[in-house]
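Enquirer: As annotated by TrEMBL, domain 'Electron transfer flavoprotein alpha/beta-subunit N-terminal' applies to A:3-182. The FAD binding site annotation in TrEMBL covers A:Arg202, A:228-229, A:242-246, A:259-266, A:Asn280.
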Amino acid sequence: MTALVIAEHDNASIKGATLNAVTAAKAIGGDVHVLVAGHNAGAAAQAAAQIAGVSKVLHADSDAYAHGLAENVAALVESLAGNYSHILFPATASGKNIAPRVAAKLDVAQISDITKVDSPDTFERPIYAGNAIATVQSSDGVKVITVRTTGFDAAAATGGSAAVETVQGPAASGKSTFVGAEIAKNDRPELTAAKVVVSGGRALGSAEKFQEVMTPLADKLGAAIGASRAAVDAGYAPNDLQVGQTGKIVAPQLYIAAGISGAIQHLAGMKDSKVIVAINKDPEAPIFSVADYGLEADLFTAVPELVKAL
Amino acid sequence: MKALVAVKRVVDYNVKVRVKSDGTGVDTANVKMSMNPFDEIAVEEAVRLKEKGVVTEIIAVSAGPAQAQETLRTAMAIGADRGILIETTEELQPLAVAKLLKALVDKEQPQIIILGKQAIDDDANQTGQMLAALADLPQATFANKVEIEGDKAKVTREVDGGLETLSVSLPAVITTDLRLNEPRYVTLPNIMKAKKKQLDTVKPEDLGVDVKPRLKTLKVSEPPKRGAGIKVPDVATLVDKLKNEAKVI
């Protein structure tokens, strides 16, 4: 029984979500291998070899894998699948894009967003926006899985010494090409990995106010900034800050929700946070039902006051 | 060109679902059902492509019990030209749905296939990708913007950290993200018109697809409840609690 974890990386280093997926792979019980597919990603492959508990790193280097196109990466993973009992992806935009394609090519079901490994064939996963937890058993020969990163601790990024083996995969499909990307510049901790997250909602009223009120609080706490769907839809914050069922799932030590009412879909993205603080004018806001500490106040006075008091 | 849009009947997104006490699933009896919100966005996008003159015919497809006809009628009220119901009372998992859709793609030969990025009941986010794999088509998931340029689609996708743009050759599978468009409201005259549109029913056997579930659900349980919180009177108390009681700052 050997598990293959598909690494997410930026060519130079391994992204955090991969480390959580490695922990899930270890929980399954066999050897853990990591696949680093990319173009000029040798440094990322070396970094993967350092991850504690990884026994082998497969490194596939080709311009076909440069931008993680699903068609090409899935074909590569499919070509390697014969050696593995489990194939795990972090449940990130990239993992969710590729994993089902691999599963369908192998004619197996895919298990999305697992939060717990009960046994090598039985897993827990949230359904209905996290309002129910399903325990599912797979009878397929290969289990293709995406791992909800907040469900597993990160494996240590150092301490391992796995061998790096070069593998060849199929050529590019030619059916898709990468045109370009607009990745937001961000000096803050990554939203899904941050210890503290401060999130703003529609009550902030404008993009300027969002920046003006939330940024000092995030700076003070060394926090990542998140947003509700309402704030994103209104253009107060970029899409990739959205926390919720259809955005990012976070589980920080401290989550501060300012001006967020707390719709089911938002709660799905943050209710596993250790401590939740809600700041809202409306005493009836559903967010107060999950908040450990609720402050019924106008956020435009309470948040600056909080920044000063910290 | 022809567009195929897949729609799913799900528990309405505003309903707070309840887990059945015997742990076999979620209570869906007498609960309001609606079209999966991402699928409304998919239908809307197809209709907009038709309004631009890119698409000539829109076929809406749903797989599930007879009641899924209502979901197809909604799709036709938004602007789909005809509907196909793949009727079954079996539990359908994404791989089975992808195989059913693959059979219809083979038959109808659409140039563009649009699905929602995920259904809000099983939260799987798999069917579009699986269909693309089975039909050996390129995929553009989590679409935020779609432009058809000749025999290619230029699709901007929502990815972690921002947006990326791909060019995929048609036919292709596209899955919709929230911000692709704002679906229109269906009007009464269009609901009436939709009743007259063609709706065909087929069975999974007719398509030669085995829909047997691959994953067995052993149990469905309530998520752990959070302990009751407290309200604090002012910011000073809040800071004190966070420092000394919760010890998170």
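FYI, residue positions are counted from 1 along the chain as it appears here.
Here the Cβ of each residue, glycine as well, is placed from N, Cα and C on the backbone.
Annotations in TrEMBL come from automatic prediction, not curation.
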Enquirer: Could you say whether, by DSSP, A:Ala263 (FAD binding site) belongs to a helix, a strand or a coil region?
Expert: coil
Enquirer: Chain B sits near which of the binding-site residues A:Gln245, A:Ile260, A:Ala263, counting only a Cβ gap under 8 Å?
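Expert: Listed binding-site residues passing the 8 Å Cβ cut to B: A:Gln245.
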Enquirer: Which ones in the same chain are close to A:Ala263 (FAD binding site), with CB under 8 Å and 6+ residues apart in sequence?
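Expert: Within the chain, A:Ala263 (FAD binding site) has Cβ neighbours under 8 Å at A:Ser228, A:Arg229, A:Gly244, A:Pro286.
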Enquirer: Give, as a single whole number between 0 and 100, the mean pLDDT over the domain 'Electron transfer flavoprotein alpha/beta-subunit N-terminal' (A:3-182).
Expert: 96
Enquirer: Most Cβ neighbours within 10 Å: which of the binding-site residues A:Arg202, A:His266 is it?
Expert: A:His266
Enquirer: So, in DSSP terms, is A:Arg202 (FAD binding site) helix, strand, or coil?
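Expert: SS state of A:Arg202 (FAD binding site) = helix.
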Enquirer: I'd like to know which of the binding-site residues A:Gln242, A:Gln245 has the most other Cβ atoms within 10 Å of its Cβ.
Expert: A:Gln242
Enquirer: Under 8 Å Cβ-Cβ from A:Ile260 (FAD binding site), six or more apart in the same chain: what's there?
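Expert: For A:Ile260 (FAD binding site), the qualifying residues are A:Ser199, A:Gly200, A:Gly201, A:Arg202, A:Ala203, A:Ser228, A:Ala231, A:His266, A:Ala278, A:Asn280, A:Ala285, A:Ile287.
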